[in-house]
């Protein structure tokens, strides 16, 4: 896995929202071996660190030939991105292309169970 | 009715949302014998189990030649899908095509009466 | 006025939402005698009874040659549909076509004055 | 039938196109007695006369309670509008709302059979 | 200024919403003397009186050759329309066309400062 | 196969176009046994006969449980509809839902090979 | 009428197309005295001269309080703009807002009658 | 930096919302030296002063050849615009074009950390 | 390279059009080593053979880790698909995602140079 | 001016179309000194050479602080891009943002005057 680089938050004195939308995420279905395609929306309120955009692209790129399910990949993206930048809040939303006539969305965020 | 298969929730430590949208649901009107068409949106927060996508498709497919009304089918989908995966929360929304110049939406979810 | 038929709610044990959208409502302006056109959105939570779709269409059809203003017709639809099915909650929204360069929406629902 | 009024073409020295789009046309299905709804697009190149807009509206309005099929009404509109303004060219397009899950378009224009 | 006419609210026993959208509002920029163009959205909950639609159109029309800024005209519309119909609640939203590469929205409503 | 009913063309003296769009066509994939879904666009210039709309709906409905490929069903619809109404010209376009990440369109019309 | 200013065509050695779209045209209906609103599309192939954009805006602005019909104003715009810049080809299209439930388009261009 | 001009709030007696949307913001990426492009949405509730639109345009224009990151520029716009007009509330949203297959949004507003 | 399978054309007696749209094509940029993403539109008139849909998907999938430029890949797809099914006519259109602020389309078809 | 780099056409044996769309073109108005913004669409049929995408981006970037009118810049882009890659055919279309309430398009292509 490539390192997710961060840089110092230029406005840590306030809570503000950053959103990165990548319509070019692709991994492989572990059952069929066929490629899956998704748009990944990442939203977070930075604390000390912001995620560097080019390293985020390379991080997403590292899933290209990995076999992983929708629910698992969304939660793993959240875990690893939280680990990298330790935000005040973060949400990851995976919007997956139609398979078998059904499209899917998985959305996970930090915080206690409601 | 085909069995709705489930698999273990890979991230049961947090509440997160799964949404499956199927624009290819069809059943039969019990009064006229003519086919009805709908988009079914399924949203849930999994507990121990997640719904397997292919078995969901086959389950929807089993209504193809069944006679059932809009209000009844939406509530029955909710009851049977809750029974299958015992989620923390679930909502089923049926968006039905125009009949007699009128389109219809029926939305039911788990929880106490408000 | 044609009777608005109802049938027993197949899932009275829970609160759930039914929405019927009819883009083919037409009545007559009492001042000019010219036809008015509207989309009527009906949303309700049924109690004992659900509204039968074909009788709803015929009920809307009965306004075709009646002279009535936007504000009055929306509130009258609400009153008569509540009378017919005695729902736990209901809202009627009339979306009226452009007249004199102005389009209009009137929305009324059950419940106490806020 | 109300008279379709015309006024002298202010630019008869050139061929130019006039298009009037009315999304508020309604007539009655002769078989079921239920209302039909359509958008009528009228396109023509005027010769000596242009169609007056308000009389066009009233002419369309006169079909409100008349029983007539899609194919017949489109061709009759063409015949009567040609009779009224004797254009260099005219086309009438009826775009009819969904009935039985099927929407329909009928388009007729002046000129010899191709 | 033309009088804004009102008529008695036909359903004063309940709170309900009326919305009129006029995409044909135009006034003049006091600085440049050039015309400004806007869509005006008017939303209100009537008390004793409803605003008559044709007089609303003429009232908007009276701004056609008047020089007034975006912020001032939106608030003045609110003040004068409140004065005319004394509603339970009202909001006026002006959506102004692009000037200098920037489009603008101004929205004001009744009620105490938050 | 239900009979495709026709009625006499009310304007056989001119060439004009009729278009019926049905977004509710479904058949079965012969290889997988899974349902296929399509929108069928039918365009034709009638000669002596026009296709009756309700019988068209029932004709489409008869494919509901039939196993047939995209290319075959589109050409068969063309052959059988031409046989039923003997038009001056006809085109059938099948717009098929996504399967395996690929959507498909098949369009066939009468006339000599170009 | 303000002068329509022109400037020398910077590429008179070739035919190329210029299109200016103004959604802010307004004049007055001669019959009712009420304002009309339109989008004016101007397309031309310049010869020696191009139309200066600011003077075009002021020229359109000069119609603001003038009473003139759709068909007349579109043809007059064509005549006066041709006079001002003597193009190789020009077309003026007026797209007029809904009046009496009907929207209108008038399109005129240079050239011999077809 | 050009001065951001203000004028007295014409309706300081109430809280109301002003929104300016500029799709023509451009600065330079400090790392690559390549231009960045964004839409800047500015929303605020004025207190004593409103922002003058032309000076806002020139202020945005002053970033044209400045090297600055997404997160930094959004927060700096907020700081400088707050300083200029001392609003009751303000939010700045930067919507940045796709870079490396990823589009970005940064949104910051006044107020205490939540 | 996986074999592109074909099956006998079920309607070789007429010219008709088949179109397959795949929004999930991805290859690798030979210069940067970064992934490229495209929608591939394939249109053809079959002669003896039609392209089997699942083998088309696998054929596209085989480019996933191959380094190739936009212009080259579009022409190679055309060459190899023509070789596989020997159509009467074929066109391949590649619609490539934004890179460096520029999106690209490459379209190639069979036939003599014009 | 940066050099527009080219590379050998990988499929010179056939005519095929390449289209590059750049929504991030900006130059300066020579009269007002204010920035202009446009989308530039470049379409061409390559002969010996194709335009390299990154050098195209830098070439467009070189207009960022240059004062030039709409009509002149579109024709100059055509002249310089033709000079760089000597295509079989080329068209440049500039789609310019709203100025003074008017948006503009200029389109020029190679070939003899018609």
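Think of each number as a place in line: the chain as shown, counted from 1.
The backbone N, Cα and C atoms fix where each Cβ goes, and this holds for glycine too.
Per TrEMBL, the features are as follows:
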- A:29: active site, thioimide intermediate (ACT_SITE)
- A:36: active site, proton donor (ACT_SITE)
- A:51, A:52, A:53, A:70, A:71: substrate binding site (BINDING)
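Here the features listed in TrEMBL are painted onto the structure.
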residue : record                              : Cβ contacts under 8 Å, 6 or more apart
A:29    : active site, thioimide intermediate : A:35, A:36, A:67, A:69, A:99
A:51    : substrate binding site              : A:4, A:5, A:6, A:18, A:20, A:42, A:44, A:81, A:84, A:85
A:52    : substrate binding site              : A:4, A:5, A:6, A:7
A:53    : substrate binding site              : A:20
A:70    : substrate binding site              : A:36, A:38, A:94, A:96, A:104, A:106
A:71    : substrate binding site              : A:106
Listed recorded positions A:36, A:51, A:52, A:53, A:70 screened against chain H; CB under 8 A survivors are A:53
A Cβ under 8 Å from chain B is found, among the recorded positions A:36, A:51, A:53, A:71, for A:71
Here the 10 Å Cβ neighbour count for residue A:36 (active site, proton donor) comes out at 24
Of all C-alpha pairs drawn from the substrate-binding set A:51, A:52, A:53, A:70, A:71, the farthest apart lie at a distance in Å of 25
